[in-house]
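In what follows, a structure is listed as structure tokens, so that the remarks can point back to it.
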Amino acid sequence: MSSKEEFSLDNQIYNDNLVYKSDDDLKTKLNASNENSIKNANSKTNYPFPIKTRYDVKSTVSKPLHNSKGSESSTVYVKPNSNRQLKKFKNFFVNKVFTDTSYADGEYERASDAESASSESQSREQWAGQFEFLLSCIGYAVGLGTIWRFPYLCYKNGGGAFLIPYLIFLVLVGIPLFYLEFNVGQYTSQGPFMCWKMAPIFKGLGISMNTSSFYFCIYYNILIGYALYYLVLSFQSPLPWSKCDPSWASQNCTDFGDLVKCDEADVYKDPSGMCFNYTSPAKEPIGWWSMEKRSQTTKPILPSQDYYYNYILNRSPGLEDSGEIVWKLVLVLAVAWILVFFCIFKGIKSSGKVVYFTSVFPFVVLIILGINGWTLKGSEVGMLYFFKPDFLKLTEANVWFDAAVQVFFSMGTCTGGLITLSSYNKFTENTLRNTFIITLTSSITAIFSGFVVFSYIGYLAHVTDQRVEDVVSSGSGLSFIVFPFAATSIPGAPFWSVIFFVMVLTLGLDSQFATLEIVITSILDGVPRARKHKKLLIFGMCVAMFLLGLTFTTRGGSYWVELLDKFSSGWAVLMVGATECICIGWVYGYNKFRKDIGLMIGDKYANCFLSWYWAICWKFVCPILLFGLAMFSIIQYKPLQVDDYVYPEWANLIGHLMTISILSGTIGWAIYMVVDALFINKRSLKTLFTPEEDWGPLLAENRRLAVHLDNLKNLERSKSVKWCHASGYVLEC
């Protein structure tokens, strides 16, 4: 039986023949014996197909379709009699029903009260805008390591030649891992603790990621506290670290202003490097005219170095003598945690607003510092040291290892941060675009910061009459020793010091926000009821980590900071990265994962020419390289040493236990799952490698959308016209 029916699409009227079969024929052909009899098969409607829950073209809210008697209408099966009609059928279904903006935003009525209650219990925040998400990710990726470590590695490993292995590993490891974790987080809308349900045996990856992030949160805030302290001290002139003060200066502390005194009249410059005043009867030296010659006798120490170690840290000789608590460090640590709490106590709703300043301001400061630094005397020498290529260095294995590790850790992969941040995204955000925006921004910033940092190192070498090799530094020494002293001889020193330490503060806060969010999100995903007490949970976490961080406020605290920094991001995290690639690429399957990505961003992007690149990297390149780097790190291991201090064996043992504790989450969970399957629940081991029943998008609306789009794609792949019916929220063809 056929009938002619009109339906409306985008205010255009189409006349198409739709073929309807009898009720019995429908039940036979479609195996729909459990369906109610179809009463309105030939009734006219404004839609190409009647469905139990329809979306009115003029409204964004779903409404039940009722018949003339007021009850819900029966399901109607339709068979488009041409491919043209089938195309219209699909386009309407996607464009009008499932890609409406309001629907994507969650403004809809759910199918049942039970489903509504379930969805409410799983409700999660979302970024207020895509710009907030991008800024948060950029702030997370462009951390202190970008300013501290990359410029030094470039100088150490062949200057501009170092960019070759850096860019190679960025393409082979950094970008693929970034894209993988973005998609895992966005597709599941869950943090690292609950997102690995595609293969239950790998759920321990979330434990490992949280353990690493927990260690990071504990010690990282003391660095933010240092920056806060220096920021407060910068509001005075002259800066307190510009001259050697007997109350904290060591014997070798050198006032480099003495170089100026030796250029005055009536001064004799002795070949030894010292200068004397002719008019003084005592003929005592008034300074050094050559720091290079002085360093042959005693190594000169910058005032800022003594100030940092002896006044700020009041550092003890070593871990064996950690000493008493330094109360001013307790104060700044407390202030740092209070600052972090008030920035994230509302979750991403509050931190998403803070990043407008904390993520943008560092870029503004870098540009300002760069413009000023490039005009200083000696800056060109420093930048030449930074960028002058030495291609012979590329023959050394350590150069390639340093490049790979820098890419891996500077991108923030395999610690759960990217998964957490993307889990608050809308389901259809373009992860491919976001990946390239953030990774390229991070890499360009790293290179740009190198030119800025070495312009000041070159200037410092010039004003202190030393070689660049003697003043170059990395890590905390760059932020709290080298640049602070360089600022003392620049006109308007307090201004440059203030903006620099505000930059350090904001870079640190961005990383701390995201890392703490990893732990909090994992707890809330594991215990959804805790969302009602989220502020209390965040407060408790901040207090607990503050108390644990008191260790770093002792006189030996800086040694503990170096210990955690070394071992909390070691080879274990590399192994975690290799394991997650195996989980996605081999166990769950690349093709399945690509299909999941296509549901979010569309096949146009998921199946583009880059798809082969993702497949090769996730299945082969990343796991092999990361596993190889981990083995190289173990083989090349040396006991930890900072400056001239060699850590005792018991301290290195503690570090190794920390590293093992990170990896034990993955291994321990896998062992537990195998034991559970064999001896407790006695089920097939195959179930450990197959997705759990609730694997997929967390939110009900995203799960329904995924089901619909999946069915439509199956329909698209079909060469023949099939029977289609739409019932409730399910389209079957």
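Any Cβ shown, glycine's included, is placed from N, Cα and C.
TrEMBL labels come from automatic prediction, so no person has curated them.
Copied over from TrEMBL, here are the features:
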BINDING   Gly139, Ala141, Val142, Ser410, Leu507, Asp510, Ser511  Na(+) binding site
DISULFID  Cys244-Cys253  disulfide bond
TRANSMEM  131-150  transmembrane segment
TRANSMEM  162-180  transmembrane segment
TRANSMEM  213-232  transmembrane segment
TRANSMEM  325-345  transmembrane segment
TRANSMEM  354-376  transmembrane segment
TRANSMEM  403-424  transmembrane segment
TRANSMEM  436-461  transmembrane segment
TRANSMEM  481-507  transmembrane segment
TRANSMEM  536-557  transmembrane segment
TRANSMEM  569-591  transmembrane segment
TRANSMEM  612-637  transmembrane segment
TRANSMEM  657-679  transmembrane segment
Tally Cβ pairs under 8 Å between the transmembrane segment (325-345) and each listed stretch (213-232, 436-461, 536-557, 569-591), then give the stretch with the top tally.
536-557
Does the transmembrane segment (657-679) reach the transmembrane segment (569-591), going by 3 or more CB pairs under 8 Å (6 or more apart in sequence)?
yes
The transmembrane segment (213-232): which same-chain residues, six or more beyond its ends, come within Cβ distance under 8 Å?
144, 312, 328-329, 332-333, 335-337, 339-340, 415-417, 476, 479-480, 484, 497-498, 501-502, 504-505, 508-509, 511-512, 515-516, 518-519, 545-546, 548-549, 552-553, 557, 560-561, 564-565, 568-569, 658, 662
Hey, for the Na(+) site built from Gly139, Ala141, Val142, Ser410, Leu507, Asp510, Ser511, who else sits with CB inside 8 A of the CB center?
Ile138, Tyr140, Gly143, Leu144, Gly145, Thr146, Ser359, Gly412, Ser442
Three or more CB pairs closer than 8 Å, sequence separation of 6 or more: does that hold for the transmembrane segment (612-637) against the transmembrane segment (354-376)?
no
Among the recorded stretches 131-150, 403-424, 481-507, 569-591, which has the greatest number of Cβ pairs closer than 8 Å to the transmembrane segment (436-461)?
131-150
Given Gly139 (Na(+) binding site) and Cys244 (disulfide bond), what distance in Å do their CA atoms have, once rounded to a whole number?
36
Cys253 (disulfide bond): secondary structure state under DSSP, collapsed to three categories:
strand
Neighbour count (Cβ, 10 Å) for Cys244 (disulfide bond):
21
Between the transmembrane segment (481-507) and the stretches 131-150, 162-180, 403-424, 569-591, work out which stretch tops the count of Cβ pairs under 8 Å.
131-150
